[in-house]
Amino acid sequence: MDLSAINPVLFIAGFLVAATPLIFAAIGELVVEKSGTLNLGVEGMMITGAICGFAIAVETGSPLLGFVAAAVGGALLSLLFAFLTQITLANQVASGLALTLFGLGLSSLLGQSYVGIKPPRLGDINFGPLADIPVIGPILFTHDIILYLGFLLVAAVWAVLKFTRAGLVLRAVGESHDAAHALGYKVVRIRTLAIMFGGACAGVGGAYISLIRVPQWTEGMTAGVGWIALALVVFASWKPWRLLLGAYLFGGITQLQLNLQGAGVAIPVEYLAMSPYVITIVVLVILSRDKSAAPASLGRTFHAST
Amino acid sequence: MIRLEKRPQPSRAFSLATPVLAVLATMFFGGLLFAALGKDPLVAIKTIFWDPLFGEFAFFYRPQLLIKGAPLVLIAIGLSLGFKAGIWNIGAEGQYIMGALFGAAVGLAFYPAQSVFIFPLMVLAGAFGGWIWAMIPALLKVRFGTNEILVSLMLVYVAEQFLASMSLGLLKNPEGFGFPGSRNLQQYESAFNADIIEGSGMHWGVVAAFIAVILAYVLLTKHRLGFAIRVTGEAPRAARFSGVNPARLVLFCLGMSGLLAGLAGLFEVSGPAGQVTIDFNVGYGFTAIIVAFLGRLHPVGILLAGLLMALTYIGGDIAQSNLGLPAAAIQVFQGMLLFFLLALDMFTNYRLRFGRGEVA
């Protein structure tokens with residue numbers, strides 16, 4: 001075993017990359033849950049985004065177009081969930097599971113001819129001299145635009161929820177859909193938009209895995225990141241900044257176990273690979289006692305009984 | 001303008017018709033999907049739904065129906081108990097793996113001794129493995145209020161890694177020339193879950209599935225616990241007033257579904273699969289979720305739904321080899337089925353009203 005093989009600077013830069021898919025998927029789901037809907041289909045939307053983004057990036061040669069396609073793909077798939085839960089008033093847990101099962105199948109169908117291909121690379125932003133600062137430079141200023149976008153997205157969601165009227169309406173719908181409906185807000189429309197936003201974010205998160213983090217396409221490559229994102233929303237108590245912190249924590253653990261595998265630690269690879277999931281459970285247990293932060297209407301079906 | 005009006009009572013007719021309509025809708029849209037993939041939709045549908053039952057080689061495929069249906073039914077029966085009560089175990093795949101590992105480990109520990117007690121011991125160990133794996137989310141939920149959906153699902157990934165570790169390490173066949181995977185239990189008489197009637201596909205797992213269906217039916221219709229499950233699902237507050245202990249219900253429902261999933265895993269690994277390998281699990285634990293809903297969370301419905309789902313697996317295999325239909329297409333097909341089912345279920349609880357609705 002050789003721990004000195006782990007370069008701390010590269011490690012930190014690496015965990016920022018590992019955290020980004022989680023940030024996108026979780027911040028999207030946070031908005032969805034704030035609107036009072038529980039979409040368990042994050043994993044399905046991520047994997048669909050991963051293949052949509054990959055395919056378009058390969059076909060057009062433009063990774064950025066790939067990310068746009070991933071957002072569109074994720075949002076389209078989430079429309080299915082919106083239709084089931086908002087129009088036909090189906091159970092949200094079951095509908096979310098359906099979305100995940102369907103998304104996993106759909107993605108491997110779409111991805112058949114893309115196995116083993118290398119996608120075009122999205123270049124890092126050129127910060128000029130900033131990237132040459134020792135330690136901080138390689139950690140903070142050697143990434144692609146999507147990574148920074150993830151950070152900005154968290155800030156934007158936080159600001160919109162806290163300071164704007166749109167955010168207030170969204171939270172009102174999530175806390176009490178009946179009251180919001182009585183005030184004349186279009187509950188179904190607002191929730192559908194929130195669900196689509198969540199789908200688009202999950203799609204981008206998935207594409208970040210297939211286009212940047214890995215980068216290639218394999219079936220089921222999201223490997224539970226969507227589910228960890230769901231857990232992240234719970235233990236962030238539906239707060240954007242805590243979510244960011246949590247995502248970095250998990251990015252760190254993922255990166256650490258990969259580095260330890262590479263460094264040849266005496267722990268078998270399988271046990272290292274299960275650690276992110278075990279730690280998710282442990283953190284969920286520690287932080288799940290406080291349920292007061294959950295939106296009051298979360299998971300409940302809304303039916304305007306006019 | 002169309003609007004929905006809640007029915008005073010869920011419609012029984014629609015409740016029964018929904019799965020049938022969902023299957024028909026899936027056949028139609030699945031056909032479109034197959035056509036989009038460049039296959040003749042009618043031939044594809046016939047290959048999937050007709051050939052395994054009545055085609056030229058049906059004698060070969062019919063036993064497969066039992067082999068593939070049994071684990072689905074076993075797992076789905078367990079899941080349905082929890083789903084009815086609003087307790088969501090979606091980690092059956094993990095419990096299935098753990099059941100198989102525990103059971104196979106007990107069997108392999110006795111190798112090469114022969115005794116009639118070995119297989120029953122393996123069955124017990126398999127049930128225990130699934131049960132204990134499901135008790136993790138159950139206890140965490142009861143003690144700390146942790147979300148059982150997320151925990152049970154996380155444990156699937158943990159179990160998969162554990163399976164990998166076992167088939168490459170502890171349970172690896174010492175005479176396997178270094179290949180991953182355990183000894184083949186099919187060649188170890190005392191541990192082999194053989195067909196009870198040679199060539200019928202009727203192994204002990206099939207028997208267990210039938211027993212589970214009957215017991216679940218009795219439990220839900222005749223037993224106090226079944227009543228508690230149903231009341232908790234429909235009106236949790238009323239359930240508490242009627243003296244239902246929610247913690248015990250969580251432990252029972254999750255434990256039971258884990259136990260059945262573990263059994264399914266054991267019967268699979270000691271019979272049709274034969275050995276512990278890195279990827280011997282094929283997603284029955286997830287497909288069983290579809291089976292449970294398609295069967296309306298009713299034991300008899302689940303039996304039928306399990307057979308239908310087994311049919312799509314077998315038919316999918318045939319379509320894959322004969323028509324070159326990708327395996328993923330069948331997965332999409334199964335996912336679609338759940339979508340249509342959930343969407344059409346609206347008509348069970350609501351009816352459409354036409355005409356102008358007045359402003360509230």
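Numbers run from 1 along the shown chain.
Any Cβ shown, glycine's included, is placed from N, Cα and C.
The transmembrane segment annotation in TrEMBL covers B:12-37 (among others).
If you look up TrEMBL, you'll see B:65-83 (among others) marked as transmembrane segment. Residues of the same chain lying 6 or more positions beyond the ends of the transmembrane segment (B:65-83) and with a Cβ under 8 Å from any Cβ of it are 52-53, 89, 92, 96, 200-203, 205-206, 208-209, 212-213, 216, 219-220, 229, 233, 252-254, 256-261, 263-265, 267-268, 271-272, 284-285, 287-289, 291-293, 295, 297-299, 302-303, 305-307, 309-311, 313-314.
Taken from TrEMBL, the feature transmembrane segment covers B:95-111 (among others). Sequence-distant contacts of the transmembrane segment (B:95-111) (same chain, six or more residues past either end, CB-CB distance under 8 Å): 71, 75, 89, 118-119, 121-123, 125-134, 156, 159-160, 162-163, 166, 170-171, 182-183, 185, 188, 190-191, 257-258, 261-266, 268-270, 273, 275-276, 280-281, 284-285.
Long-range contacts of the transmembrane segment (B:117-140) within the same chain: residues 89, 91, 94-96, 98-107, 110, 146, 148, 151-152, 155, 159, 190-193, 204, 250-251, 254-255, 257-267, 270, each at least 6 residues beyond the stretch ends and with a Cβ under 8 Å from a Cβ of the stretch. Annotated transmembrane segment per TrEMBL: B:117-140 (among others), in sequence order.
Per TrEMBL, the feature transmembrane segment maps to B:149-171 (among others). Counting only same-chain residues 6+ beyond the ends of the transmembrane segment (B:149-171), those with a CB under 8 A from a CB of the stretch are 88-91, 93-95, 97-98, 101, 104-105, 108, 133-134, 136-137, 140-141, 180-182, 254, 276-278, 280-281, 285.
Within the chain, the transmembrane segment (B:202-220) has long-range Cβ neighbours (under 8 A, six or more residues past its boundaries) at 63, 66-67, 69-71, 73-74, 77-78, 80-81, 84, 119, 123, 193-196, 226, 229-230, 260, 263-264, 267-268, 271-272, 299-300, 302-303, 306. Residues or ranges marked as transmembrane segment in TrEMBL: B:202-220 (among others).
What TrEMBL records for B:249-267 (among others) is transmembrane segment.
The transmembrane segment annotation in TrEMBL covers B:325-344 (among others).
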If one takes Cβ-Cβ under 8 Å and requires six or more residues beyond its ends, the residues near the transmembrane segment (B:249-267) are 70-71, 74-75, 77-79, 81-82, 85, 87, 89, 92-93, 95-104, 122-123, 125-135, 137-139, 141-142, 148, 152, 193, 203-205, 208, 212, 225, 228-229, 232, 281, 284-285, 288
